[in-house]
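Taken from TrEMBL as is:
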type	residues	note
COILED	80-146	coiled coil
COMPBIAS	62-75	compositional bias 'Basic and acidic residues'
COMPBIAS	222-235	compositional bias 'Basic and acidic residues'
COMPBIAS	236-246	compositional bias 'Acidic residues'
COMPBIAS	273-304	compositional bias 'Basic and acidic residues'
COMPBIAS	305-325	compositional bias 'Low complexity'
DOMAIN	122-196	domain 'Peptidoglycan hydrolase PcsB coiled-coil'
DOMAIN	360-463	domain 'M23ase beta-sheet core'
REGION	34-75	region 'Disordered'
REGION	222-345	region 'Disordered'
Amino acid sequence: MKRLGSILSIVAIMTATTVAGTASSVQAKSLGEVEEELNELEDKQSSLNEKQSEVDGDLSETEDKIHENHDKQEEIHSEIEELDKKISETTTKLQNKQTEIKQTEEEIKQTEQEIKQLKEEIVALIQSIDEREQLLKERLRTLQKNGGDVNYLEVLLGAQNFGDFLNRSTAVTKIMDQDKSIMDELTEDKKALEQKKIEVEEKKVELEEKKKDLESQKAELEKLKEEQASQKEDKEELMDELELEEDQLHKHQMSLEEEQQLISDQKAAAQQEIERAKAEQRSIEEQLAAERAKREAAEKEAAAKKSSSSGSSSSPSSKSPSSKKQSTEPAPAPAPVSSGFIRPASGTFTSGYGPRWGSMHEGIDIANSVDVPIKASASGTVSSSYHSSSYGNVVLITHYIDGQMYTTLYAHMSNRLVSKGQRVSQGQTIGHMGNTGHSTGQHLHFEIHKGPWNYSKSNAVNPANYINL
C-alpha cells in the first residue's frame, strides 16, 4: 500500500506540473521552463516504469506462491484421504478383534460350564464307587454264616467237604473277578474324568491367554486409530492454514493487479502529458521562430529605410516598439477550471465524517431514491470507474483547484455513466443513487481526498467543509 501511495503521489506531482504548465501559458511560459517540465515528466515516466517492474516481479512471485500452495493442498488432501482409508481399515480390524474377543469369552463360558459339569460327573462317579463298594460288602455278607465280616480265606476253610470247597472256591473267584472288574471300571472312569478335567482346564487357560492377547491387540489398534485420527486432525489444521494463506495470497494478487493497472493507467496519462509538453514546446519554438523572423524583417526594413533617406531615421524607432509589443503578447489562455465543490446529490444527510461504529467513516452519506442522479462535485478527470466488493459501483475523479490536487469518490451507485480517463464537468451526471456493495440502504457515500486516493485514506478530509449540506 505504501508503494501504491507513492505511485499516486508521483501521478499527483505529474498532473500538478501539467496544470501549472497550463496556467503558466497565460504568462508566456519560456522554452526553458517547458523543457524542464518535459524532463521532469520523463523522469516520472521512468520512475513509473521501475515501479511497474517491481510490481510485475511481486505479482509473479505471488502467483508462484499460489501454485506452490495449491500443490501443497493437493498433497495434504491425498494424505488425508490415505489416513481416512487407514482409519477405516483400523476400525474394521477393531470390530473384528472385538468379535473375536466376544467369541473367546463365549468359549471360556462354555469351558467353565464344561469344567463344572465334569466336577459334577466326578462327584457322581465317587458316589457310584461308594455304592459299588456297598454292593461288594452285601455280597460278602451272603457268604457269611454268622454275620460279621469274614475274609475269602475263612470262607474257603469253612467248607464241609471237597465239593463244598469247590463251590465256595468258584463263588469266591467269581466275586473277586466281579470286584476286580468293578474296581477297574471305577478306576478307568476316574482317570478319564480327571484327564478330561485337566484338558478342559488347560483349554480354559489357553482361551484366557487368547482373550488377553486379543485385548492387547485391540488396545494397540485403538492406540493406532487415535494416532491416525491425531495425524488427520493435524493435516486438516494444515489444510485450513493453507486455505487461509491461499485466500490472503489471492487478495494480495488482486491488490497487485489493481496496482499494476493503476501504474499502467498513469503511464498512459504521463505519456499524454509528455506529448502535450512536446506540443507546447513545438508551439513555443514556432512562436519564437515567428517572433525572430518578424524581428529580423523589421530590422532589415529599418536598415533599408535608414540607408535611403536620412530624414526617415525616426520612423523605424516608432515602429519597432509596436512590432516588439505584438511579438511579446501571450497566446490565449485555456478556459479556467471550476473553483470549489458542489453537493453531489440531493437527499437527506444521514451520516457524517468521523468515528462510527468502532471505525473511521472517511466520508458522508446522502440518502434518497434510486432515480436520483449523482453529479460530479467538480470538473476533473475520471481516474477509476469500476465495481468493488465493498464500494459497489464506484467512481473516482481527480480535480485540480487553485493548484491543489483533490480526489472525490462516489460509492454504492446503481450504475456508472462515465469511464476511466474521461473528462467530466462540474454538475455532470456520472451515475445514479443505489445500494450496491457493502451498503445498509439506498444512499451515496461521498469522499473528498486532498491529494490522491490511497488504501489507508490518509488524505481524506471532511466533505462538510467543502460543500453545502
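One is the number of the first residue shown, and numbering goes on along the chain from there.
In case you wondered, yes, glycine gets a Cβ from its N, Cα and C as well.
Residues of the compositional bias 'Basic and acidic residues' (62-75) grouped by DSSP class, helix first, strand second and coil last, total 14 helix, 0 strand, 0 coil. Mean pLDDT of the predicted structure over the domain 'Peptidoglycan hydrolase PcsB coiled-coil' (122-196): 70.
When DSSP labels each residue, the compositional bias 'Acidic residues' (236-246) comes out as 11 helix, 0 strand, 0 coil, counted as helix, strand and coil in that order.
When DSSP labels each residue, the domain 'M23ase beta-sheet core' (360-463) comes out as 1 helix, 56 strand, 47 coil, counted as helix, strand and coil in that order.
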